[in-house]
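Everything on this sheet refers to the single structure shown next.
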Amino acid sequence: MARKGALRLIQGVREGRSLGDQTGALRSLPVADQARAARLAAETLRHQGRADRVIEGLVNRKPAPQIADVLRLAVVEMLELGAPGHGVVGAAVDLTRTLGARGQAAAGMVNAVLRKAAAFEGWADLPPQPLPDWLRSPLVEAYGDTVMRAIEAAHQQGAPLDLTLKPGATPVPGAEALPTGSWRMTGPAQVSTLPGFEAGDWWVQDAAAALPVRLLDPRPGERIADLCAAPGGKTLQLAAAGAWVTAVDISEGRLRRVTENLTRCGLTADLVAADVLDWRPDTAFDAILLDAPCSATGTIRRHPDLPFIRDGHGIAELIELQAALLDHALTLLRPGGRLVFATCSLIPDEGEVQVAEALERHPGVSVERPDLPGLDPAWITEEGGLRLRPDYWSDRGGMDGFYMARLRTPS
Ligand SMILES: C[S@@+](CC[C@H](N)C(=O)[O-])C[C@H]1O[C@@H](n2cnc3c(N)ncnc32)[C@H](O)[C@@H]1O
């Protein structure tokens, strides 16, 4: 059942829907099978390039798209997830037979190919899934070939579970302290059953995603606006630091998640559903966090479906929106106020370039270089921002790709 569910999810991705948007597609399955299907689908997409290499060497001609996905699922289950070959091959043949006349005709081929694939040697040595050209080209231009391959290798590793603790909260057993202040689970973990979840002692947040608020350095009693706030990981950090937080997001649905997160953690913030570009509050803020909408290309370790459902369209519009949001946000600050601009993108046009151009548009605004525990000086960029990449901390399990910079307005 889980395999059929995984195939349905992959089918949805082929049609342009993200895995996250398809949670309803599995509602008829038992909860354990839903989780298994989601994991199988994600792992199949993550390792698709390697699975195709194995399959290509074993077929005479290219299988039909749906049959190819059944083969990929089974290859990844056997060679990556270590499932025993006999069970996987039988289940894949049964699944193929459910796929109409084409499936009936392909069942023999699926059986023969997967029996050979089960004995494949050298899986670990196959190159990781390459990013699609629309993303690979700008990243090779920005970072070079060697870094590009390291980023692809990091995407293949997936992402560990990172937690941000409320100040004074007891660390979760099985979590190790990271140099920048986050905590990382060292083994498999189910979030809702970990100690401290019900009490709201911590929340899930990648170590890189926790840094924009640390860079903003919120103080108790400051008035801080969290612009583009949902689902609210950074709102929680700001509120936990004792700031008076106003969290703004255009999506009422996503703001409900901010409310749920605040409630679980016993924290408060004013929530505003509005387009930031039209939002003009009465009083100026001491500090602003602008976590702008972006290509999210820094999060592929967690969202291996992203390269399959995007084609690069819309990035130019996002870059324009980021610049407009940044210009507007600067008008909401008191003189001498500070603003952190952040995006979870690997594309410099959504990071370094965005800040360099903002400095040209706003004479008098300056960048304050990051000075936080645990940072490698090599991560600090020419204009004084912080560039984080998935291949950093490779011996610890990596981090999301992010860019952030702290700007200061003239007093
Ligand atoms: C990168 S996510 C923010 C993540 C969030 N800061 C966190 O840490 O959980 C970007 C958010 O921007 C919101 N957004 C996009 N355009 C917006 C606009 N013009 N005004 C306000 N919010 C916007 C989206 O709804 C989305 O929730």
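Keep in mind that glycine also has a Cβ here, set from the backbone N, Cα and C atoms.
Whatever TrEMBL says is automated annotation, not expert-curated.
Among Asp201, Asp275, Asp311, the residue that TrEMBL places alongside Cys228, Ala229, Ala230, Pro231, Gly232, Gly233, Lys234, Asp249, Asp291 at the S-adenosyl-L-methionine binding site is Asp275. In the three-state DSSP reading, Asp275 (S-adenosyl-L-methionine binding site) counts as coil. Of the listed binding-site residues Gly232, Lys234, Asp275, the Cβ environment within 10 Å is emptiest of other Cβ atoms at Asp275.
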